[in-house]
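Accompanying notes for the structure given below.
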Amino acid sequence: MCGILAVLGSTLPVEQLRELVKSCTKKLYHRGPDEEQYFVSEDGWCGLGFARLKIVDPEHGAQPMFNDERTVWSVTNGELYNHEEIREKELDRMTLHSHSDCEVVIPLYEKYVATQLYDHDIQYLYNLLRGVFASCVVDLKRGFFMAGRDPIGVRALFYGTSKDGAVWFASEAKAIVDVCDYVTAFIPGTFIKGYRGREQENSFTRYYEPVFWNDNWMPVSPVDYQLLHDTFVLSCKRRLMSDVPVGVFISGGLDSSLVASVAKRLLGPHYEFHSFACGLEGAPDVAAAQKVADFLGTKHHVLTFTVEEGIKALDDVIYHLETYDVTTVRASTPMYLLSGLCKKYVKVVLSGEGADEIFGGYLYFHNAPNETAFHQETVRRVKLLYTADVLRGDRATAAQSLELRVPFLDRDFLDVAMSIHPHEKVTCKNRIEKYIIRYAFSKEFCGEVYLPDDILWRQKEQFSDGVGYSWIDGLKAYCEKAVTDQDMQNASQRFPHDTPTTKEAYVYRVLFEKHFGKSRAVQGLRESIARWVPMWSDSTDPSGRAQRVHVAAYSNGEQ
């Protein structure tokens, strides 16, 4: 986890640009408090900033990185889990400056892209990488740059333009919204390239195009439980690459508990594996997480918070999230609070984001009208992860200087899981959501006990519900008092774009505008925000309890 900043084509004097790069990078300090480094080219065409959280090769691996001639520079926030394989198979074990996984980016650029600068060569480079990344490469000799983001957008990246013709890239919008005239989220699975003097003459080009990305494609493969099992184990193994301690979030639900179980087996019995859970007093997730921790033998830590503490944190949470989406704010607040405890023990933490999107685990999927609609909704959810759960995971942890890793979103695992016929995934009265991934790790199939049965087969709880039902209820009650009916009547005048329709949404929007509303580039940021709303539902409330199949569903008057 790090913070990157890049600017190409600024007309500012070199010293002024250097100070601006430093001040913008410092707004990303929480993402990388261990080390800050900067580079500005002699002619002022390129400026790079990097805030580092030291994970792999802590003693070396400083960024910005450069080639021996210092003509090619790069900043990369990422974890390239196959960097050893790349060093051996693609780079012939050439000598590099460090053992950092991110150092392979420049030699790959020089081998495959630098000569012709063709789009298909850039696509080939990014498709070699197995991991998550937000990266920018600058070739001073050729007057060329390229930037790319991982397939699902696990690592945050924003793109901006300024009136002087410059382009900007940053891990978070807050670093550049005051210097740009337009800022938007960098589309996952794409890259941008540009040239000196034509910096803004570019567009997003897709490099990640799996078959399931096509809206008209329908998977036909039956589930291969062994392949599903083995590919997920490999994904977890990849995400244990670290030179610092690794821990795990355990909500007590299937997804994070399965990640914890597989990781614990891979790390071995002598590894001090820390696990973390949070909730209100008496929360269902806390009790379930304790059961998982006891079963696995982790060193478990629990944060018990109050509704009042959560409400007090909302201002900071929305600043770090850079969104006002109700679902994201609800779920991010407990995660932000828990991350504050987590960072006392580890720098890297595993989590279960992505499983519900891949397997149709949200309870509203019970209402899917047919298998085609079910599959198409899983694809839509995967594509939008960077606006919701992945955004939450990155920002809530980065705010506390933690690195989050999500095994379910490994691109090889996605290829397997998203190619399974939707008939195998569809939920019904006699089949619980996410059945196939549960069964792949059941004793009945694999002969081993990964989790207690009441955890392996536990019904889906959305994180903002599982931390305690009083959390959402308390938020609604607070917002009901904070916002008047007159405020809601005038909401469209105060917020003409994406007008809030509930008092809770109104409160979050006010806090968002407090932090970013006066920035020159805020409208592009607003337009990149997507609301998380369930499909096929009578309720627009994103809580899992708004779905009738939930064991603690709202009564008609509660929504």
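Every residue, even glycine, has its Cβ placed from backbone N, Cα and C.
As recorded in TrEMBL, the features of this protein are as follows:
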- C2: active site, for GATase activity (ACT_SITE)
- 2-197: domain 'Glutamine amidotransferase type-2' (DOMAIN)
- D101: L-glutamine binding site (BINDING)
- S351, G352: ATP binding site (BINDING)
- E353: site 'Important for beta-aspartyl-AMP intermediate formation' (SITE)
At the Cα level, what's the spacing in Å between G352 (ATP binding site) and the residue listed as 'active site, for GATase activity', rounded? 21
Quick one: average pLDDT across the domain 'Glutamine amidotransferase type-2' (2-197), no decimals. 97
Tell me the Cα distance separating E353 (site 'Important for beta-aspartyl-AMP intermediate formation') from the residue listed as 'active site, for GATase activity', rounded to the nearest angstrom. 20
Would you kindly give the Cα-Cα distance separating S351 (ATP binding site) and D101 (L-glutamine binding site), rounded to the nearest Å? 21
Across all the protein chains here, work out how many other Cβ atoms are within 10 Å of the Cβ of C2 (active site, for GATase activity). 25
Least surrounded, by Cβ count within 10 Å, of the recorded positions G352, E353 is G352
